[in-house]
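A short write-up of the structure that comes next.
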Amino acid sequence: MDLAAVVALLLLCFGIAGVASDASDHRYKKGDSVPLYANKVGPFHNPSETYRYFDLPFCAPEHVTEIREALGEVLNGDRLVDAPYKLNFLVDLDSKQLCKKKLTKEDVAKFRSAVTKDYYFQMYFDDLPIWGFIGKVDKEGKDLGDYKYYLYRHIHFDVLYNGDRVIEITVHTDPSALVDLTEDREIEVDFTYSVKWKETSTPFEKRMEKYSLTSSQTHHLEIHWFSIINSCVTVLLLTGFLATILMRVLKNDFVKYGHDEESAEEQEETGWKYIHGDVFRFPKNKSLFAACLGSGTQLFALTVFIFVLALIGVFYPYNRGALFTALVVIYALTSGIAGYTATSFYCQLEGRNWVRNLLLTGCLFCGPLFLTFCFLNTVAIVYSATAALPFGTIVVIVLIWTLVTSPLLVLGGIAGKNSKNEFQAPCRTKKFPREIPPLPWYRGTLPQMAMAGFLPFSAIYIELYYIFASVWGHNIYTIYSILFIVFIILLIVTAFITIALTYFQLAAEDHEWWWRSFLCGGSTGLFVYAYCLYYYYARSEMSGFMQTSFFFGYMACICYGFFLMLGMVGFRAALLFVRHIYRSIKCE
């Protein structure tokens, strides 16, 4: 069985397709009950801060039926329950009473607090998402004390159908059916709803297209293509710089160093040839370095697999939890890549304690992610939010890590140890390292990282906004082909800028390029995290401790993964370059 088949099988096992309706073929007869699930409520501007639907005192049945969900849906914060509304196929309803409920002072205070924070509700009708606000604030008065708070007590559903299938649903709240929540007093509320069915010619296969229209509108596409053109210009300028300047300098170096032996012996060696006996000296902390390479390679493989699934259409709009499921499963399956790469490279660097290296590789990314999850999950539990994972889900993730991730990591490590690969160094390393000459401040590690990270970040800057607005907002991102092009450009720019900076470092007779190339390649991750600060304060309206901690906590993990992946790309590119130039000259 090949890897693709294994991935497909595991994705099916973990329910990547999402929760299907009771009628699995989505076909109904007149009068049939069409499944309607209430999902969650929460502040509109805080996408991570969501709560169970019946945490607010809505009309609730005696026994709330919870819907069994797949792993990715639980990770996404979905908590589906049977909604109290009954929408039967092709049955119109006009102001049907849902319930008559007496709201206590505490209930009124809960609803008023929710209305103040712009709470919205989310439901799924035949797997189609619907949203609506639960109330409104009348701000006619200038002072906060003059504000009026209202709860919508009537909901109207407009449903479009084609033959025996549901095509589209929209929900409207009646602005005239309001309940005043301004004062803390008991209120009796008559909750009602209505349903109107209309026929449409839209085929069932295209019913999800409307959710992706926002990101594919003409002006949005123009911005995306402008982003790509901007990135391509960056790549062309950079490659042009390398071709005209760097290659010309290298050619002169090759001519000078490759002159006849006698003249080469007469003149003193300078520049990057002068350090040929030190350039392949293994780096300090080689176990950590090999672990960084292994984790970066695994994350690169994970990203490529995610792009493959996205491009073949697995992550269509509101395929709930598909992305989270894919991330968990594919990360588990690719752990063998991390084990093999890290241990193989560690052994090439003449490392002895490969078991410790393997443990370090396994914990390098998972460790910070696990600690971040523990803190944020505790915050979600304190808030009683749906982002808090149930104990059963945590057990499932631990089992995946124990039964899949760890064994594959060990198997990869054993295979890497037994690969018997030797480090291919064109020059022999001298016994004692040369002293690095004093260098100006701008040749230090931090200034070089700032220079290396700026260009790749500028290539992805425009696309970042749309990704953030999708992940940390309510926009939908579906143009994965454009994102893939931007990803390729990011890799090219990262590789080229790292090669250029490595050459200038070697030309300055600084032979400690190993860690520098990794840090320069990965520095884009630091720029992305700096963008998080800008996005949070200037482009979003997120607020509150929970949402803030979730945003900066999980973005720190994502940017750290970015750092490892692009650091690996930068080092691999620099290694190819360094091997090439030292193979092209005669070194004694």
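Backbone N, Cα and C atoms are what each Cβ position is placed from, and that goes for glycine too.
Database features, via TrEMBL:
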SIGNAL    1-21  signal peptide
TRANSMEM  223-246  transmembrane segment
TRANSMEM  288-316  transmembrane segment
TRANSMEM  322-346  transmembrane segment
TRANSMEM  358-383  transmembrane segment
TRANSMEM  389-411  transmembrane segment
TRANSMEM  449-468  transmembrane segment
TRANSMEM  480-506  transmembrane segment
TRANSMEM  518-538  transmembrane segment
TRANSMEM  550-578  transmembrane segment
The transmembrane segment (480-506) touching the transmembrane segment (389-411) per 3+ Cβ pairs under 8 Å rule: no
Go through 223-246, 358-383, 518-538 and flag the stretch with the largest number of C-beta pairs under 8 Å relative to the transmembrane segment (480-506). 223-246
Sequence gap of 6 or more, Cβ distance under 8 Å, 3 or more pairs: do the transmembrane segment (288-316) and the transmembrane segment (358-383) meet that? yes
Intrachain residues whose Cβ lies under 8 Å of the transmembrane segment (223-246), provided they are six or more past its termini: 455, 458-463, 466, 479, 482, 485-486, 489-490, 492-493, 496-497, 499-500, 503
Long-range neighbours of the transmembrane segment (449-468), counting only residues six or more past its ends (CB under 8 A): 215, 220, 223-224, 226-227, 230-231, 234-235, 238, 475, 477, 482-483, 486, 489-490, 493-494, 497-498, 501, 519-521, 523-528, 531, 535, 539-540, 566, 570
Sequence-distant residues near the transmembrane segment (322-346) by C-beta distance (under 8 Å, 6 or more away from its ends) are 3, 6-7, 10-11, 14-18, 70-73, 75-76, 286-287, 290-291, 293-295, 297-298, 301-302, 305-306, 309, 314-315, 354, 357-358, 360-362, 397, 400-401, 404-406, 408-417, 419, 421
